[in-house]
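Since the structure comes first, as structure tokens, the remarks are kept for the end.
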Amino acid sequence: MNEEQRKASGQVSSSDKKSEKDYSQYFEAVYIPPSLKDAKKRGKEEVEYNQFQIDERFQGLGNGRKFYIRTYGCQMNEHDTEVMAGIFMALGYEPTNSTEDANVILLNTCAIRENAENKVFGELGHLKALKREKPDLILGVCGCMSQEESVVNRILKKHPFVDLIFGTHNIHRLPELLSECYLSKEMVIEVWSKEGDVIENLPRARQGKIKGWVNIMYGCDKFCTYCIVPYTRGKERSRRPDEIIQEVRRLAAEGYKEITLLGQNVNAYGKDFEDMEYGLGHLMDELRKIDIPRIRFTTSHPRDFDDHLIEVLAKGGNLLDHIHLPVQSGSSSVLKLMARKYDRERYLDLVRKIKEAMPNASLTTDIIVGFPNETDEQFEETLSLYREVEFDAAYTFIYSPREGTPAAKMQDNVPMHVKKERLQRLNALVNEISAKKMKEYEGQTVEVLVEGESKNNPEILAGYTSKSKLVNFKAPKEAIGNIVKVKITQAKTWSLDGEMVGEAIEVN
């Protein structure tokens, strides 16, 4: 609950005791949920840029305490987890890999599909017993699910043992929220329907020293009819270029070999700047001059992928020619229902431009099958587009209605057995083309950024090529964190086996 909601209710104080009798009804009276309707009405209010700092009141709040964060969903959630972990550690908390040892447990959630939400509710069920054993444990739910009013109300009614709920726009207020949890016997809820400002100088506990996430913008204004993200992540807000460039320079100085620029729609970067014309192409053109071997970005929206960005990417160097370009459907009619704001031909024209500028570019995509009203003929159009483009890989999904989105009001009239059959056919095509493209690597020598031991065999090292191909090979452990040359000896559908050739590559 934020301060406005608290003042409006006039019913909550830190000294109140938790009511076991009618707890959920009590909170229904004072809790104002995030509003999807209001999200769609948002205007173009000026975004404020603020610097994060921890109030001296909260210094040492975590001394002698441990935290555990379980992350669901996309790279943005992984990035947010790094930020929250950084805040925890700045407060004096220590990380732990065990829920049993934790004094604070956060579930950083994903709302993109119903299956992701079910996993979180299942985990809450498992943690109920632990909370009963450790009543002083703080159990929190954050991330995109927290921005959905139906989810918050479900937690209030069915999981009243949860201590803390907060959304995606107020991660920077974690110190205040934790302090309130310790002082109050009530569930602490702070979910802002309105997107927050851009907060700089946030601490981060990055996972490893090889690859790093760099957020360049927040939110999405596209409002595709099936997607909950514009509601859970808010309007598009870009970080200032100088802040991003400084962060990338710091990572380069710390020895990172690869960075990925993050945003719900990175191609819209800079469109909200009123004082200058500056887009993703301009940013990439500056970042390519920084001494870091590899720079990627995700996720792209075809609608905003402009010619200037293609021109800059074609300069190569540390700008990788692996582009994730979600198409969602090969049918113009379905794309119109999805409100993607491009049709089949416009997408194919964009692909042609990319391949003309970067003949060796690797393209991957996202595809949804079984969207409302999708016919057999329209699904065949998706298959034909996939064959024409020959994507290196695809993330494929059965359509999942999300409450509050326009598509959820459409009649979900494609039977589940048809959806599953279409997904099976699509995946067969995806596997076929992937195997064909991977086969072309046999006998080639590729550069691999070594990330660590293989998950299946500690004697084998694993890493990725510039085109995101997984490579497994034998090499000394000293190769971890370096870019090495590997000759490919065997291609599989989704990975490559090889032999290390020579020493690690020096990157100047």
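For all residues, glycine too, the Cβ spot is worked out from N, Cα and C.
Shown in sequence order, Tyr72, Gly73, Cys74, Asn77, Ala116, Glu117, Val120, Gly143, Cys144, Met145 are the residues of the chain, 6+ apart in sequence, with a C-beta less than 8 angstroms from the C-beta of Cys110 ([4Fe-4S] cluster 1 binding site). Per Swiss-Prot, the feature [4Fe-4S] cluster 1 binding site maps to Cys74, Cys110, Cys144.
In the three-state DSSP classification, Cys227 ([4Fe-4S] cluster 2 binding site) falls within coil. Same-chain residues at least 6 positions away in sequence with a Cβ under 8 Å from that of Cys227 ([4Fe-4S] cluster 2 binding site) are, in sequence order, Ile112, Cys220, Arg402, Thr405. Sequence annotations record features per position, and here Swiss-Prot assigns [4Fe-4S] cluster 2 binding site to Cys220, Cys224, Cys227.
The domain 'MTTase N-terminal' feature in Swiss-Prot is assigned to 65-183.
Mean pLDDT, taken over the domain 'Radical SAM core' (206-436), works out to 96 on the 0 to 100 scale. Look at Swiss-Prot and you will find 206-436 tagged as domain 'Radical SAM core'.
Residue counts for the domain 'TRAM' (439-502) under DSSP (helix as H, G, I; strand as E, B; rest coil) come to 4 helix, 35 strand, 25 coil. According to Swiss-Prot, the domain 'TRAM' annotation covers 439-502, on the basis of sequence analysis.
Taken from Swiss-Prot, the feature region 'Disordered' applies to 1-21.
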Least buried by Cβ count (within 10 Å) of the binding-site residues Cys74, Cys144, Cys224:
Cys74
Using a 10 Å cut-off, grab the number of neighbouring Cβ atoms around the Cβ of Cys220 ([4Fe-4S] cluster 2 binding site), all chains included.
22
If the [4Fe-4S] cluster 2 site is taken as the center of the Cβ atoms of Cys220, Cys224, Cys227, which further residues of that chain fall within 8 Å of it by their Cβ?
Lys222, Phe223, Tyr226, Ile228, Val229, Pro230, Gln264
